[in-house]
Amino acid sequence: MIKNRKEDLPIVILKENVLFPNITLWVTFDNEYVINSIAQSMLEERLILFAYSNEPNCDESDRGVVKNLCSVGTYSKLIQVIKISKDVIKVLVECQSRVLIDSVSKKNDYLRAKVTFVPDSSGLNRELFTYSKFLKETYEAYRNSLSLKSYDADNEPINYFENPSKLVDIIASNSNLENSIKLELLQELNVKTRIEKLIVNLSIEIDLLDLKKDINSKVRAKLDKGQRDYFLSEQVKEIQKRLGKDENDYIDRLNSKDIPEDVKSKIEKEISRLSKMQMNSPDANIIRSYIELILDLPWNENTVMKNHLSEIEFILRNSHYGMDEAKEKIINFLAVYQINSKVKAPILCLVGPPGIGKTSLVESIARSLSREFVKISLGGLRDEAEIRGHRRTYVGSLPGVFISAMKRSGKSNPVILLDEIDKINSSYKGNPESALLEVLDPEQNYKFIDHYLEIPYDLSNVLFVTTANSLNGMSKPLLDRMEIIKVEGYSYIEKLEIAKIFLIPSIIKESFLDKVYIRIEDDVIFNLIRNYTMESGVRGLKRVLTNLIRRLVRELLYEYSKDQIIKGNFYSPSSLIHGNNSLFTHDPDIPGIYKIININNYYNYVDTEDNLDLIKIDSSGFVYGLAWTNYGGTVLPVEATKFEKKGDIILTGSLGAIMKESAQLAYSIVKTYSSKLNFDVKESPEIHLHFPEGATPKDGPSAGITIATAIASILSDKKVPLDLAMTGEVTLKGFVLPVGGIKEKVLAAYRNGISKVILPKDNKKDYSKLPEEVKDNIDVKFVSSLEEVFDYLNII
């Protein structure tokens, strides 16, 4: 070591440990100043000084701490740093030598010190050899007094017998001496004096340990059997007292909650049972979990409605586009709720195709009411115990989804979404739909009993909202408990507005393009809606727009750096406003990054258009029908051909029983027009009807007039216009009956470029609810009989 060598390095002040040179060990730190010093050391050469204060209650942030530092510190090197948590680190330290602290200064949020290295004699002369030998013997006696049979092989004192300085440091580090004594040994620079002090202190410790052993042996010898029993009894009481800490906590929590008296009495009995059990008993763990669940549940802890009715209405109407009927029913209920807070909430069921925002609407409802929101997915649920919970006698039993949801919400009046209630399945484990009847009945759910709880729990303050794609197959008792709100798909204009107001801004924000000026023209969005998505909702549109923005990001990264895109102040927010013909308009005088996507360049950012065009066959016997599915409306082509031989009707295309009956019925009706269609009923030709997309099951009565028209068209050899579609059920006498799903069906026709639609006359009221945009672009013919259809198409 170079004599009088000096260095400037970060400093850490230790309060509880004394680190001796020649030792490698792990040290844990949780102090901000210490962590900052270690971080600075890692940025330099990993060297650091461990210093010690004469005042045990010193604080690194105290300016006067410098004056109280010991003159000698430990010069060390950081080998490894592990982050345990946000404010805790674990450091592997190699302590190397003693140094004298010349000065300490504060740098921002850590301390630095200037130090001078002091030579530490490691030579072995006869005198030091004798001292070292005596120290080793004293240390062996000290270990025997502690009943230590082995110690760390790496720090074995005998390994450093020829280096007295290392020997004394390692023995001092391995001993249980007080920190004040260890600090005195660290400060001592003379090796001989250091050994003398350590021998004296170890000898004192040996005497104290031997005296303690002697006293204990004499006391134990005097304890008779009765005294030993009393001693053991007191130990058991102390253990039980310590274990009873949980019991006291449970009692305090129980008294702090507004729990019904019968429930409180039951829990007190469970707590009493728990206190008499062994801590690790399986039954004790079951009871403990049960008690904690009861205490974690909200009991009469309601969220107060903070917003006024007008504010709630504003939030609902501005946070979600469309679904006016659902919003109206919620607002009507809240109007009554503000007058009478004990009114029972309705059970709403939003029915509609996927991707139209049913789930996000429920989230908006919870937000407007300032209530907690919890979602329960019921799709694929087939075990009744998932609803009612498992009885506690079963291993691994758990409460049902509703009790778990209440625990997660932490409030007694959350908004709970029951998603995809139509996809619940029955199994040998029971019918979950039957279990839902109690939950969704306002007359019963105030005392809902979960099998795990075994006590009534009040769900009457919960606002339940369910969603479904279809009501087909759902039990009538369950439907009877809910207010059904049918939510239809969106028109082009509605999708355009949703894209401009919600989708594009959210995608831009998620892509960190807030500081980039992006304009996507309306023509581009319209083209994406028409040619890339044929859906009732907007999920497909969001995917297309997301892919467009991603390609835009890739293009930007070729031209600009990441920091320019994310952090650059490219425009003033006031320069962006909503325009009529584009998403945003921009002041050209403001500098920045511009990306304008118009009808001429948008194809650079999207995939090749999918072939979504309808099948078009310009011949007689080909007609478009309109159908409703769980995913919205669709256009259903129907093909008919005839054979000269006499026969009946042949049906293909994966048809259900109702649709097959409709086809038989339609052919019978058409036969009544045999004279006008120029064929002999007695020689009725064989007709083959085919419905394309044969892998897709089709059923329902609404294709009646479509099938009849296709048969009449092939028999009369007259074509039906390819820009026309129809829907309606027919009777044996030729009357046209109303059908459901009019909005979805007409929207499907509009999406597919159909300009004329034939509808039952009794569906006028449904047609009137369609957006003006759709009604302005489609000509509708309302009919009450099949003859009107044939006359309109000039078939007869």
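Heads up, the Cβ atoms here are built off N, Cα and C, so glycines get one too.
Database features, via Swiss-Prot:
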DOMAIN    9-206  domain 'Lon N-terminal'
BINDING   Gly352, Pro353, Pro354, Gly355, Ile356, Gly357, Lys358, Thr359  ATP binding site
DOMAIN    617-796  domain 'Lon proteolytic'
ACT_SITE  Ser702  active site
ACT_SITE  Lys745  active site
Please list residues from the chain of Pro354 (ATP binding site) whose Cβ is under 8 angstroms from its Cβ, counting only those at least six apart in sequence. Asn469, Ser536, Gly537, Arg539, Tyr631
Give me the long-range Cβ neighbours of Thr359 (ATP binding site): same chain, 6+ apart, Cβ under 8 Å, in sequence order. Lys375, Leu417, Asp419, Thr467
Excluding Gly352, Pro353, Pro354, Gly355, Ile356, Gly357, Lys358, Thr359 themselves, which residues in that chain have a Cβ inside 8 Å of the centre of the Cβ atoms defining the ATP site? Leu350, Thr467, Val487, Ser536, Gly537
In Å, rounded, how far does the Cα of Pro353 (ATP binding site) sit from the Cα of Ser702 (active site)? 19
Work out how many Å separate Gly355 (ATP binding site) and Ser702 (active site) at their Cα atoms, rounded off. 25
Candidate nearest Lys745 (active site) in space, where candidates are the binding-site residues Gly352, Ile356, Gly357, Lys358 and distance is Cα-Cα: Gly352
For Ser702 (active site) and Ile356 (ATP binding site), the CA-to-CA distance in whole Å is 24
Long-range same-chain neighbours of Lys358 (ATP binding site), Cβ under 8 Å, sequence gap at least 6? Met323, Leu350, Gly352, Thr467, Val487
Residues with Cβ closer than 8 Å to the Cβ of Gly357 (ATP binding site), same chain and 6+ apart in sequence? His320, Tyr321, Gly322, Met323, Gly537, Val538
Within 10 angstroms of the C-beta of Lys745 (active site), what count of other C-beta atoms is obtained when all protein chains are considered? 28
I'd like to know which of these binding-site residues, Gly352, Pro353, Gly355, is least surrounded, judged by other CB atoms within 10 A. Gly355
Please list, in sequence order, the residues in the chain of Ile356 (ATP binding site) that are at least six apart in sequence and whose C-beta is under 8 Å away from its C-beta. Gly322, Met323, Val487, Glu488, Gly489, Tyr490, Ser536, Gly537, Val538
Suppose we draw a 10 Å sphere around the Cβ of Ser702 (active site). How many other Cβ atoms does it contain, all chains included? 27
